[in-house]
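Copied over from TrEMBL:
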- 23-286: domain 'NADH:quinone oxidoreductase/Mrp antiporter transmembrane' (DOMAIN)
- 289-342: domain 'NADH dehydrogenase subunit 2 C-terminal' (DOMAIN)
- 60-80: transmembrane segment (TRANSMEM)
- 92-115: transmembrane segment (TRANSMEM)
- 151-170: transmembrane segment (TRANSMEM)
- 177-195: transmembrane segment (TRANSMEM)
- 201-221: transmembrane segment (TRANSMEM)
- 233-253: transmembrane segment (TRANSMEM)
- 273-292: transmembrane segment (TRANSMEM)
- 325-347: transmembrane segment (TRANSMEM)
Amino acid sequence: MNPYILAILLFGLGLGTTITFASSHWLLAWMGLEMNTLAIIPLMAQHHHPRAVEATTKYFLTQAAAAATLLFASVTNAWLTGQWEIQQITHPLPSTMITLALALKIGLAPLHAWLPEVLQGLDLTTGLILSTWQKLAPFALILQLQPSNSTLLIILGLTSTLIGGWGGLNQTQLRKILAYSSIAHLGWMILILQFSPSITLLTLLTYLIMTFSTFLVFKLNKSTNINTLATSWAKAPALTALTPLILLSLGGLPPLTGFMPKWLILQELTKQGLTPTATLAALSALLSLYFYPRLSYAMTLTISPNNLTGLTPWRLPSTQLTYPLATSTAMTICLLPLTPAISALLIS
């Protein structure tokens, strides 16, 4: 892609998200979301592969449906209450419609079916943008909205954690596994949103760091399915030794960074008297903890399934910049000891 066009598209992505962040009016927020969608579509379709074009079409239709629902709900709210302010959603009907529209935008279960299919059709770089940056603007709106319907949020959260765990169990494609992992993490964030928005933000931040690391590892190894992971030990031995720690952190296993948000969320849910919800969420985390060690096993403890030496990929020196990967890997593995300091900051 022409670097000038790429720069304009990336600028459009940043501008769309910034407009949504800064807006207090529904029309402006909707405009930011639309700019975001229109800026990423050429990035998704740039390889002109049938799968990429199919993924782009699915993404466009889904986002258009969500944006139309959002606009309809905000117009309904203006009609019922005379208010266009984001924080003035008082009527339950537009509030529920907007929550569901934003859930469709970020891929919360049961409105998640588009996410694995779309992510599977993209290259790893665009998939990384879709899994991280594209979640920010809708999340800013959900945080501002503070939906009054608490039952809806808990149902969305629990369904997402369960489906995110179950869906990834029988997958062999890494991008689909990461899509279900994304659904599960978003479920945890939505679950705690109404009780502690600060913990939601912390969970979002740790999710972004861990997903960034995982995508960069797969990109460095040029891996798109479980079988190709087995050849990574010959390309980058040190990174292959660290990758299981990144994956287990994504699963939320102590003493890694990913355990921190889960620990704080379960603690907060128990304080709120929602022990059954916390138990269900913890059990759903065990589902995710099956497929992350499965990837670790394939990567570090198995030999490539190719019998012919000619099928082994060339081990050429990588041209990828490794500083971002090194930084995010260190953060993915080592931040758990900072939990008391982070908790003190959240409480203050």
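Here the Cβ of each residue, glycine as well, is placed from N, Cα and C on the backbone.
TrEMBL annotations: computationally assigned, not manually curated.
Between the transmembrane segment (151-170) and the transmembrane segment (60-80), fewer than three CB pairs separated by 6 or more residues in sequence fall under 8 Å, so the two stretches do not touch. Counting C-beta pairs under 8 angstroms (sequence separation of 6 or more), the transmembrane segment (273-292) reaches the transmembrane segment (233-253) with 3 or more such pairs.
The stretch in 60-80, 92-115, 201-221, 233-253 that contributes the largest number of Cβ pairs under 8 Å to the transmembrane segment (325-347) is 201-221.
Only residues 6 or more beyond the boundaries of the transmembrane segment (233-253), in the same chain, are considered here, and those with a CB under 8 A from a CB of the stretch are 181, 210-211, 213-214, 217, 220-221, 259, 261-262, 285, 288-289, 292-293, 295-296, 299-300, 312, 315, 318, 325, 329, 332-333.
Residues 26-27, 30, 33-34, 37, 41, 88-89, 91, 93-95, 97-98, 100-102, 104-105, 114, 118 of the same chain, all 6+ positions outside the transmembrane segment (60-80), place their C-beta atoms under 8 angstroms from a C-beta of that stretch. Note on the transmembrane segment (201-221): residues 124-125, 127-128, 131-132, 135, 139, 143, 174, 178, 181-182, 185-186, 188-189, 192, 228-229, 231-232, 235-236, 239, 243, 246-247, 249-250, 257-258, 260-261, 264-265, 318, 320, 322, 324-325, 328-329, 331-332, 335, 342, 346 of its chain, located 6 or more positions outside it, place their CB under 8 angstroms from a CB of the stretch.
Here the domain 'NADH dehydrogenase subunit 2 C-terminal' (289-342) returns a mean pLDDT of 79 for the predicted model. Counting only same-chain residues 6+ beyond the ends of the transmembrane segment (177-195), those with a CB under 8 A from a CB of the stretch are 103, 106-109, 112, 115-116, 118-120, 127, 131, 135, 139, 142-143, 146-147, 150, 153-154, 156-165, 167-168, 171, 203-204, 207, 211, 214-215, 250, 261-262, 265, 268-269, 272, 277, 281, 284-285, 288, 291, 295.
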